[in-house]
Amino acid sequence: MAGGAFVDSGPAGKEYPGKLTLYVFFTCVVAATGGLIFGYDIGISGGVTSMDSFLQKFFPSVYEKEQRNKDSNQYCKFDSQLLTTFTSSLYLAALIASFFAATVTRVFGRKWSMFGGGITFLIGAALNGAAKNVLMLILGRILLGIGVGFANQSVPVYLSEMAPARLRGMLNIGFQLMITIGILCANLINYGTSKITGGWGWRVSLALAAVPAAIITVGSLFLPDTPNSLIDRGHDEAARKMLHRIRGTDDIDEEYNDLVAASMESKLVEHPWANILRPKYRAQLTMAILIPFFQQLTGINVIMFYAPVLFKTIGFGNDASLMSSVITGLVNVFATLVSIFTVDKFGRRKLFLQGGSQMLICQIIVGTLIAIKLGTSGEGSFGKTYAGFLVFFICLYVAGFAWSWGPLGWLVPSEIFPLEIRSAGQSINVSVNMLFTFIIAQAFLTMLCHMKFGLFYFFGGWVFIMTTFIAFFLPETKNVPIEEMILVWRNHWFWGRFISDKDIHIGKNVEMGKGKPKAEA
Ligand code: BGC
């Protein structure tokens, strides 16, 4: 194949002077805590919806069905649209919020978007903790969703803009690390609160969402704006000072000039939403849609939302179910660390390809293990050793996700858009992610009931498709300065045809030849 589809098609690039300053490191840590609210929420709903006291109070029909079904079809006992609406309403709210967040992020800066997200989430947590009826519960979740929409819009972009190019992957994945820590904390809290006998354990679980919300709300007030956003909003001098401070060197002219050039270019664009449809952005638009779509089609949230329900479904006791989800939560955090330390060295593509293959193999094994014991009737149970094997392969699958699609699903979209479409592009990314999170959250229990063990093969099939897609269509983006990313697409065997030389005006210092980025040479 011409150009070699499997070969990283890096651009000619450059490396700006500067080092990783303590200041950048800390601002990135604080900003990344925006991931905690998203993670806490992902982790908390599954545990809460498997608590009897919660079901009895808000979803008595599901509770009765669960009681009645004790010995019959394991696959179908939790199938309830109302119950899934509780989990998934948040993602619809986040989807809509991310479009408004795009404007806030662009016009007022990334930090106010994070602040807005934190505050809204805080109110949602209070409403949920005090819920007296399903309406309060769902209203609270809508507010939490708005918070997530704002945070997920602004945090990844903030991190990618602050970071020096050669460490962008590592710093950006701080966001995903916080997501996984949020999920783990939620799992642990559910494990503790499920033991509260007074029937109010779920309230503690839901109200404690206020803690991560308070962290990002207060933290965001101390965050500086990114130089890219400052220049874009006309604060050139402040941007120069900020660049000087975050890069820890006086030698910032080259990077500064490129940021100004990128901003001037972006000023020519009147309608970022219409602009993103132009042929020269075809690659970015495709990625903004397909990467989040694929990330959700890995099936990860079946494990994240419903691990306790899933483990109960396949015959684990209450305690064992919650404990197993704590184990998958731990694996999720530690495996994310692997990507932090490898993403800028080996690159995004290698992680995608390795992680995807690992997930696929595990999904086939898990589906088959369940098929052998529960068959299509859904009747049967697992012995201890057998169940142990199952949890082991589920963990291996989670690990594969945690160093590939998990972090890269947020990193890659946040680093590929030119400034003029960055906020719009990121909204598309967030909203597609939320839409499919919603669809899977909403459909999972019904799918499990109908597709049975085949559900794992279904997601496995998607993982095969997405891994092949990455192999052919995603160029390597490691080490490439964010405002020079267009060269990566220009040099790609497929996407290059949509971009002409006149589309490339990024600073006078750029060489336009083909080849590897300098940092890689
Ligand atoms: C995804 C979530 C998922 C989480 C698991 C995130 O990157 O967007 O949907 O639940 O990773 O760690």
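Yeah, the Cβs are placed from backbone N, Cα and C, and that goes for glycine too.
Record features, source TrEMBL:
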| type | residues | note |
| --- | --- | --- |
| TRANSMEM | 20-40 | transmembrane segment |
| DOMAIN | 27-478 | domain 'Major facilitator superfamily (MFS) profile' |
| TRANSMEM | 88-105 | transmembrane segment |
| TRANSMEM | 112-131 | transmembrane segment |
| TRANSMEM | 137-159 | transmembrane segment |
| TRANSMEM | 171-189 | transmembrane segment |
| TRANSMEM | 201-223 | transmembrane segment |
| TRANSMEM | 285-309 | transmembrane segment |
| TRANSMEM | 321-343 | transmembrane segment |
| TRANSMEM | 355-374 | transmembrane segment |
| TRANSMEM | 386-406 | transmembrane segment |
| TRANSMEM | 427-448 | transmembrane segment |
| TRANSMEM | 454-474 | transmembrane segment |
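Contact between the transmembrane segment (285-309) and the transmembrane segment (386-406) is supported: at least 3 Cβ pairs lie under 8 Å, counting only residues 6 or more apart in sequence.
Mean pLDDT, taken over the domain 'Major facilitator superfamily (MFS) profile' (27-478), works out to 89 on the 0 to 100 scale. Three or more CB pairs closer than 8 A are found between the transmembrane segment (112-131) and the transmembrane segment (201-223), so contact between the two stretches is assigned (pairs 6 or more residues apart). Within the chain, the transmembrane segment (386-406) has long-range Cβ neighbours (under 8 A, six or more residues past its boundaries) at 176, 179-180, 294-295, 298, 300, 303, 311, 314-316, 324, 327-328, 331-336, 338-339, 342, 351-352, 354-359, 362-363, 365-366, 369-370, 373, 466. Residues of the same chain lying 6 or more positions beyond the ends of the transmembrane segment (171-189) and with a Cβ under 8 Å from any Cβ of it are 24-25, 28-29, 31-44, 47, 155-156, 159-160, 162-163, 204-205, 208, 212, 304, 307, 322, 325-326, 329-330, 332-333, 336-337, 339-340, 343, 402, 406-407, 410-411, 414-415. For the transmembrane segment (88-105), the list of distant contacts is 41, 45, 112-113, 116-117, 138, 141-150, 152-154, 157, 423-424, 426-427, 430-431, 434-435, 437-438, 441-442: same-chain residues at least six beyond its ends, Cβ to Cβ under 8 Å. Only pairs six or more apart in sequence are counted, and the transmembrane segment (454-474) with the transmembrane segment (201-223) gives fewer than three Cβ pairs under 8 Å, not enough to call it a contact. Listed as Cβ neighbours of the transmembrane segment (427-448) (distance under 8 Å, sequence separation of 6 or more from its ends, same chain) are residues 75-76, 78-81, 83-85, 87-88, 91-92, 94-96, 98-99, 101-102, 145, 148-149, 152-153, 276, 285, 288-289, 291-293, 295-297, 299, 301-302, 305-306, 309-310, 313, 409, 413-414, 455, 458.
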